[in-house]
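Below: one structure, written as structure tokens.
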Amino acid sequence: MFTYLSLYAVNQTQVQRLKTVKNLKSAQKALWLNWPILSLLSLSTSFSGLAIYYFYRNCDPLRQGRIKVRDQTMPLFVVDAMGDLPGLPGLFVSGIFSASLSTVSAALNSLAAVTLEDYLKPLYLKVKRKPLPDLQSSFPSKVMAFLYGVICIAVAFLAQKMGGVLQASLTIFGVVGGPLFALFTMGMFTTRANQRGVITGLLVGLSFSLWIGFGQPRPPVKTLDFSVEDCSDFGGYNQTSLPLAMAQRAAEPRDDSDYFYLYRVSYLWFSVLGYLVTFIVGYGYQLIIALARCSGYRADLSGRAANLYQYRPVFASGCPRYEAANGKDYRERWRY
């Protein structure tokens, strides 16, 4: 849930898409229409995975040597199931890759737009003492999109070390999306969190999420059992083609308790943990500063029999004597 909330509520790519409609009501309609379509798509992909597993249940293509990683199972299934229909396997696979590339292009466009608006334009204004003209904005935007594309290509080579495509994508979205979602939550639903606390919480949350998301060593992902008992329909089973990964898998597996307990957490929990750490640190920073500042002004009230300021939570009240000493109205919220 936290992963999807971060993707649909605070993700730059999604927000940029929603801003293309004419008003807020149209954006809300688009989100409500997206819900059933996305649900059907998720069910369809889940049933497709079950069908592929059933198809290869007795002849594992990875152990047979026909593929090198599990992510190649779907294209192989298309070839095996629809290979007798000319052009259809290529059309199917090209459609899958086209959908992926459209998402990547939208992300590159969003990154370039954010960099231009939040960094390049303010820098140009500071150096040139005038705003960047719109006619000159397209070139730096294209340059940034190109540079981000190069970074994406480099990350693609590193992604093969992160497990399957689904695990890698959800890991990245969870590691980054959870702290980002907490950042917007503090901004929308709290009045105590300030800039220092939010930035501190974001940095701590991102560091924690990156640590648990990419820390090593990690236990191997557990999958359903496969066999090679019935590989006659696929050209037999060649023992010499056993991939190195499966040879390592045949070795005695380590018990999960041998790994650090945070490394045993499922990647589906990364967004939740990152959100909680960011929110607790970001909001707690302000409470700690408030307690430290109020303690000196409440010390002289400790001898009284009853004093409401002494027992009222710091997040529900200010420090009246501190505010009065600094020329502030005690009836207003105290902010650091």
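Just so it is clear, glycine is given a Cβ too, placed from its N, Cα and C backbone atoms.
Summarising the annotation, TrEMBL assigns transmembrane segment to 32-56 (among others).
Positions annotated as transmembrane segment by TrEMBL: 103-120 (among others).
Look at TrEMBL and you will find 141-159 (among others) tagged as transmembrane segment. For the transmembrane segment (141-159), same-chain residues at least 6 beyond its ends with a Cβ under 8 Å from one of its own Cβ atoms are 104, 108-109, 111-113, 115-116, 120, 165, 168.
Sequence-distant contacts of the transmembrane segment (165-185) (same chain, six or more residues past either end, CB-CB distance under 8 Å): 2-3, 5-7, 9-11, 71, 159, 198, 201-202, 205-206, 209-210, 213-214, 221, 267-279, 282. What TrEMBL records for 165-185 (among others) is transmembrane segment.
For the transmembrane segment (197-214), same-chain residues at least 6 beyond its ends with a Cβ under 8 Å from one of its own Cβ atoms are 162, 171-172, 174-176, 178-180, 182-183, 186-187, 262-263, 265, 267, 270, 273-275, 277-286, 289. TrEMBL lists 197-214 (among others) with the feature transmembrane segment.
For 267-292 (among others), the entry in TrEMBL reads transmembrane segment.
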Within-chain partners of the transmembrane segment (32-56) [C-beta distance under 8 Å, separation at least 6 from its ends]: 73-74, 77, 80-81, 224, 226
Close approaches to the transmembrane segment (103-120) from elsewhere in its chain (Cβ under 8 angstroms; 6 or more beyond its ends): 12-13, 16-17, 132, 137, 140-142, 144-145, 148-149, 152
Outside the transmembrane segment (267-292), six or more residues from its ends: residues with CB under 8 Å to it: 2-3, 6, 167, 170-171, 173-175, 177-179, 181-183, 185-186, 190, 192-194, 196-198, 200-202, 204-206, 208-209, 212-213, 314-315, 319, 334, 336
